[in-house]
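A short worksheet on the structure shown next.
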Amino acid sequence: MEARVLLLCAVLFLLVHTPPAAGGLNNKCAYFRGQCRRKCPQRDIFFGFCRNHDQCCLSSLHTRH
């Protein structure tokens, strides 16, 4: 019985502390115009930081000249 309680606590702990998947809405930024990346490509413009501390990169196509 005690082993089951410990196993349940361990599973719940892992579920609570597991980060969400990196796909979907989490990799968008700048009002869904930007892309979260570790480092912006040279052709893109750095806009700020994403929730996961990656750089928010705007394609030069989305910016006004």
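Yeah, the Cβs are placed from backbone N, Cα and C, and that goes for glycine too.
Fair warning: this is a prediction, and the values are worked out from it, not measured in the lab.
Annotation comment: Swiss-Prot describes CYS29-CYS56, CYS36-CYS50, CYS40-CYS57 as disulfide bond, evidence class similarity to another entry. Look at Swiss-Prot and you will find 1-23 tagged as signal peptide, backed by sequence analysis.
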- request: Pick the one among the disulfide-bonded residues CYS29, CYS36, CYS56 whose Cβ has the fewest other Cβ atoms within 10 Å in this structure.
  value: CYS36
- line: Quick note, CYS40 (disulfide bond) and CYS29 (disulfide bond): C-alpha atoms separated, nearest Å, by 13
- request: Measuring Cα to Cα, tell me the gap between CYS36 (disulfide bond) and CYS57 (disulfide bond) in whole angstrom.
  value: 6
- request: Among the disulfide-bonded residues listed here (CYS50, CYS57), identify the one with the smallest other-Cβ count within 10 Å.
  value: CYS50
Message: DSSP secondary structure for CYS40 (disulfide bond), reduced to helix/strand/coil, please.
response: coil
Task: For CYS50 (disulfide bond) and CYS56 (disulfide bond), determine the Cα separation and express it in whole Å.
output: 6
- prompt: At the Cα level, what's the spacing in Å between CYS29 (disulfide bond) and CYS57 (disulfide bond), rounded?
  reply: 8
- prompt: So, in DSSP terms, is CYS50 (disulfide bond) helix, strand, or coil?
  reply: coil
Message: Taking 10 A as the limit, how many CB atoms besides its own sit near the CB of CYS40 (disulfide bond)?
response: 18
